[in-house]
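K.L.:
I'd like to ask you about the structure that follows.
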Amino acid sequence: MYKYGTVVDPAMTTNRRSRLSGFRCASTARVTATLLLSFLAFSPSSASSDFGDRFHDDIVLPPGPVLPSAPEIPEPAEHTFSLRHIYHHGTHLHPSLHRKRDVVHEQSRVYLAAEDDFSEYDILRLKAKSRPEPIHRLADRRPSVVDPMVAESRQRGYAAVLDASAWTMDQVSSPDIKDKDTVLTLALMTANAYVEHDTDADWEDVGERWNRSADFGWESDGLRGHVFVDDTNSTIVIGLKGTTTAVFDGEGTTTNDKVNDNLFFSCCCAQQGQWTWHQVCDCATGTYSCNNTCVVQALREENRYYGAARELYSNVTELYPDAQVWLTGHSLGGAVTSMLGMTYGLPVVTFEAVPEALPASRLGLPVPPGASAEYPQMRENTGTFHFGHTADPVYIGTCNGATASCTYGGYAMESTCHAGYECVYDVVADKGWRVGIGTHRIRSVIDDVIKKYDGVPECKRTPECRDCAQWKMYESNGTETTTTSSPSTTSTTRTRTRTSTCETPGWWGCLDKTTPVTTTTSTTSSSTSTCKTPGWFGCKDKTTSESSTTTTTEASPTTTCETPGRFWGCRDEVEATTTAKPGQVTNVPVTAAPTGTTDDSLSTALPETQRCLARNWFGICKEWAIDDLEFATDEM
């Protein structure tokens, strides 16, 4: 490159330009920064804020954990289920027992057992539809996290209070309760839970090793659950065994079911009710006064069905960790599945379930912020649906009267409120049914209700329902078995002083000798004799005359009745008598004095008298005869 006759190296020129360019850029940046800071010092605060936002946007944060994205809303789908496993968990006699038996469809026959008028029903493959349902539940629902929380609530006596961040509102794949076939399928799964022997396959231990020498009778104690799985292993249904209704104890799980029923669904352990109720604790301290702390302690023992159901669910989820779980049950099994669903946030469909809001309030179940732990029926988005009809006294909460079948069997069913939604078939109005315990059976619900209706009923919540309104529930410190609670009242004691003591009391008074009593009245009377022969209603002595202004003296008759009547009256001949009244003079006939000689002509004729010839049935004379009385002077 030439400049004014001088040769210049192009590389040197390029380097110089680069240095000058870098110098100019650096100087310009410093000047611009100085002017910008001066401008911001005199600008409004909003400008400073905008600068701060731009400044933070330029900061590069270090890499952190990847936050989970919002779960996708499940699409409606159709599932085909088959029975895969049967679980059995001990409760009372064998609390550590937990066994499982697999069902092989090529070798096993799955059926509903015959019941009364219903024959056996084979179950091959069951179809059901699903739909998304919002459920407010814990974000971390693993049994290893939830179970210690529930155990702590059981020890403290109240539900755990969790932050709102621990809860989430999820769209969960749930049974389509508006589809009749889906409801029928779940009912069949519930009915199948009553079948105890499907195959002759051996049971395998799930929990600790079971002593084979004590193998006799274990099937009569515990909770039975049947597990249905769809073809893709993505959805499973657990059907829990309900109450085996019986009047007297002894067969199967009847005794244990009765104890759990009366713990769960009575106001105060079946006390102060009907004399046939099976009492299961002693927590009542007065008339309709109950120590709720005592009831809670009796209800939360781990050898009850609720604890067994949680452990059964834990083992099933270990076998299918990624599957969506549905719960179903009938009667007591339906109530237990509802409480299990509220614990882990699972979809639940029950049939003729006993109202379970009362025991749910005593178990210390986790509740979301803003919900009432005392009234679970007020919770929203629980994902629980209770199907039943109006002719079932257990479902509608009226099986507690003196003549009710539940009372006759020893069951105290006093609860009336369901948590979640109620789907009621009004068979009383639609079909003219009468309320009776016979309609409570699941086979009757399947064949006579669900299959007979063209659709399904509308499901509604009942948040205004209340249990045990007449009872006064109070809490104690839990150190005593029972506590007596009496309100402070002011009472007035009346004292009566007696001036005499009765030595011989009678039925209606005192039998002692009477004493003269003086009163302030103007008339004074006194008795001149005492009672020597007291009787039941008075004195048997002859009455004495009392002084008065008019004295009347009556002469006692000198004759007695020789011929009494059949029932009353006297049949003797009537003699004429004359009664002299005061102030009246009666002329008495006077006869001449007798002389020494006797003459028949001196006989005096007396007045005529009447004589009864015939009398009637009551002794009254019907026919009279008149006779002349004659007498001789020598008779005088």
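Cβ from N, Cα, C; glycine included.
Marked as topological domain 'Cytoplasmic' by Swiss-Prot on the basis of similarity to another entry: 1-19. Residues or ranges marked as transmembrane segment in Swiss-Prot (evidence: sequence analysis): 20-42. Annotation comment: Swiss-Prot describes 43-636 as topological domain 'Lumenal'. Marked as N-linked glycosylation site by Swiss-Prot on the basis of sequence analysis: N211, N233, N291, N315, N477. The compositional bias 'Low complexity' annotation in Swiss-Prot covers 479-500.
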K.L.:
Of N233, N291, N315, which of the glycosylation sites has the most Cβ neighbours inside 10 Å?
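P.N.:
Going through N233, N291, N315 one by one, the largest Cβ count within 10 Å is at N291.
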K.L.:
In terms of DSSP three-state secondary structure, what is the assignment for N233 (N-linked glycosylation site)?
P.N.:
coil
K.L.:
Could you give the mean pLDDT over the topological domain 'Lumenal' (43-636), rounded to a whole number?
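P.N.:
Over the topological domain 'Lumenal' (43-636), the predicted model scores a mean pLDDT of 74.
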K.L.:
Fill in the CA-CA distance, N315 (N-linked glycosylation site) to N233 (N-linked glycosylation site), as an integer in Å.
P.N.:
16
K.L.:
Could you tell me the C-alpha distance between N233 (N-linked glycosylation site) and N291 (N-linked glycosylation site) in angstrom, no decimals?
P.N.:
47
